[in-house]
Amino acid sequence: MEKREFTASLVAGGCAGMCVDLTLFPLDTIKTRLQSQQGFAKAGGFRGIYAGVPSAAIGSFPNAAAFFVTYESTKSMLGAHGVLSAPQMAPVTHMLGASLGEIVACLIRVPTEVVKQRTQASLSSNTYQVLLATLREEGVRGLYRGYRSTVLREIPFSLVQFPLWEYLKTQWSRRQGHTLYSWQAAVCGAFAGGIAAFVTTPLDVAKTRIMLAKAGTSTASGNIPLVLLDVWKTRGLTGLFSGSIPRVTSISLGGFIFLGAYEKVRRTLL
């Protein structure tokens, strides 16, 4: 991967991440409160809809930049030569690139997500107070609670979203006979993101419960199957897909803004 391509992916990814995280933050707050164990109303309802936004603002640029640099670098390395360079192996390359991108990005995303979600579900504390409380009670390790569940949510999400996004772009491009415009890539991103969001909602519910749970509880231990089983027993299928409407809406709009902005900024820089 050339230096110019690396810089373009870094800047474009970071800008796209900030655009989508800050624009759609209210929907993310609603989703978090719908999924919290205490319930939507007790978690704050529609009050303080921007609670936790400083954490999202700080983490969005480096998080998205890390993902896209890893994604594009992996595509470049695997697609340059060897078995995976064949056109029919492109989906595999996209899946591997997206998975590695999520693993790297989650090193930045998870601490900001923990602080953000705890602030969203507790109107009595601000971002700084939540950060201090987490460090005091659980140390740095507390900021990474839910890392495994986040990765296990993001990888299946990316395995659906990115190959589908790349496939839709390829098919649309072939039909019209030229490279897609940025808005067309954004439409493909919205469609791919919405499908991926709905399919992975139960994993998102588990991740939210783990991050919000009190330290020392069985939920806080991060056992995803047990958390999902508990949700199933107490709230059934509805509980497993709680927050799916704002999640799908947010990620569809987010996919449009995120992937559209990424394509536009990257092409401009290249």
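Note that Cβ sites are derived from N, Cα and C of the backbone, with glycine treated the same way.
For reference, TrEMBL has these:
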{"type": "REPEAT", "residues": "4-77", "note": "repeat 'Solcar'"}
{"type": "TRANSMEM", "residues": "6-27", "note": "transmembrane segment"}
{"type": "TRANSMEM", "residues": "48-69", "note": "transmembrane segment"}
{"type": "REPEAT", "residues": "89-171", "note": "repeat 'Solcar'"}
{"type": "TRANSMEM", "residues": "180-199", "note": "transmembrane segment"}
{"type": "REPEAT", "residues": "180-268", "note": "repeat 'Solcar'"}
{"type": "TRANSMEM", "residues": "244-262", "note": "transmembrane segment"}
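Same-chain residues lying 6 or more positions outside the transmembrane segment (48-69) and placing a CB less than 8 Å from one of its CB atoms are 6, 9-18, 20-22, 25-26, 28-30, 101-102, 104-105, 107-109, 111-113, 115-120, 123, 126-128, 130-131, 258, 262. The average pLDDT computed over the repeat 'Solcar' (4-77) stands at 87.
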